[in-house]
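Look at Swiss-Prot and you will find Asn54, His139, Glu279, Arg300, His329, Asp333, Glu356 tagged as substrate binding site, backed by similarity to another entry. Positions annotated as active site, proton donor/acceptor by Swiss-Prot, on the basis of similarity to another entry: Tyr176, His229. The Mg(2+) binding site annotation in Swiss-Prot covers Asp227, Glu253, Glu279. The site 'Important for activity and substrate specificity' annotation in Swiss-Prot covers Ala331.
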Amino acid sequence: MSQPSDSTAPLQGSARDREIVEARVIVTCPGRNFVTLKIRTRSGITGVGDATLNGRELAVAAYLQEHLVPNLIGRDAGRIEDIWQFFYRGAYWRRGPVTMSAIAAVDVALWDILGKMAGMPLYQLLGGRSREGALVYGHANGRDIAETSDEVGRFREMGFIAIRAQCGVPGIKKTYGISVGGKPYEPAESELPTETVWSTPRYLGVVPRLFEQLRADHGDEIELLHDAHHRLTPIEAARLGRDLEPYRLFWLEDATPAENQRAFEIIRQHTVTPLAVGEVFNSIWDCKHLIEQQLIDYIRTTIVHAGGLTHVRRLADFAALHQVRTGFHGATDLSPVCMGAALHFDTWVPNFGIQEYMFHSDEANAVFPHDYQFRAGRLHCGETPGHGVDIDEALAARYPYTPKQLPILRLEDGTMGDW
């Protein structure tokens, strides 16, 4: 990948040098929509943060532009904690995905600036390396079991040693996670939500057969993961977890809607399949009970939706006390800016488990030059000061915002379900 072009400077001792003089919101669509905040100090150092919220990008962009940017100008970029507290506590209507994604963009941009001022990569600021590379998992999918198995083989050839597997459900026209026409899977595909039809009994029938075949074809040398995408009741999720036990999954993700944390008590009582949840969480309060009661094995929050590095660090520390590991969301609905910051976090955090990783489009990689690299099943962050990702604004301007929304789901009788 091309290297970030932003210049660095020695650590600035003057508060005037650190004064924020500009903060701009950039919305671009190099294959999909991304929202980026770019902050500049008086000394000319810039930092970037991701604020992308899939299907609700302009809501976060407006929140940033109207509520946060005016309050950034004139502040000391080095006072990261104080700025985080100002925006979190100052928002009477606190938490929620829009607020926390906007705060995250500010927070990550400020950490990026701090790394550049110090001349240090972000992982060093956090406390240094805990590992040489972050284990990542890719996404293999197919219209049926055989096609998914072939895709798993292709991902193994690319070097992945952990792979999420999804397959089409017989009798269902469109299944979550299944790409069309050989293109990467992208659920936000139209200006208005598309409707999909779902059958839980059909799904519960095919998934165990999928993993039985994958173990037969690929053995025990790879880690296999699966995402139920919030579609099951607690007892249905418990049944699936039990049925998957012979195939030793790395985890079963988002088995049931996560609003009711106590629902996971039922799942936990019936299966030893490891559980992961949290990509829709926005704060520690969304998962406090899950972690305290050890109802999950992996927490899936993402830096961009959970208030940035400052808050996610607290969440990870809390999880470590209860032997819960990180497994951050990392699909292409987050920009390379978020991936870069997450990778530095993964390199440092002691209770790391795994990192989701989907390949961004060539257009997105060009708009967001970065220094992280994939080798032998792991992502390796670079040594560029900050988080190592920049934005090419001239190139970003060539890709204007395109309205796209996530689908909705109905059961076979027409009842609304959880997509």
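Heads up, the Cβ atoms here are built off N, Cα and C, so glycines get one too.
For Arg300 (substrate binding site), other Cβ atoms within 10 Å of its Cβ number 25. Neighbours of the substrate site: apart from Asn54, His139, Glu279, Arg300, His329, Asp333, Glu356, residues of the same chain with C-beta atoms within 8 angstroms of the site's C-beta centroid are Thr302, Gly330, Ala331, Leu334.
When the CA atoms are compared, the recorded positions lying within 10 A of Glu253 (Mg(2+) binding site) are His229, out of the candidates Asn54, His229, Asp333. If you take the CA of His229 (active site, proton donor/acceptor) and look 10 A around it, the recorded positions you hit from Tyr176, Ala331, Asp333 are Tyr176. Taking the Cα atom of each, Asn54 (substrate binding site) and Tyr176 (active site, proton donor/acceptor) are about 16 angstrom apart. For Tyr176 (active site, proton donor/acceptor), the number of other Cβ atoms no farther than 10 Å from its own Cβ, over all displayed protein chains, is 21.
The separation of Ala331 (site 'Important for activity and substrate specificity') from Arg300 (substrate binding site), Cα to Cα, is 12 Å.
In sequence order, Val136, Tyr137, Arg164, Gly327, Phe328, His329, Gly330, Ala331 are the residues of the chain that are 6 or more apart from Glu356 (substrate binding site) and have a CB within less than 8 Å of its CB. DSSP classifies Glu356 (substrate binding site) as strand under the three-state reduction.
Taking the centre of the Cβ atoms of Asp227, Glu253, Glu279 as the Mg(2+) site, the nearby residues of that chain (Cβ within 8 Å, site residues left out) are Ala228, His229, Asp254, Ala276, Val277, Arg300, His329.
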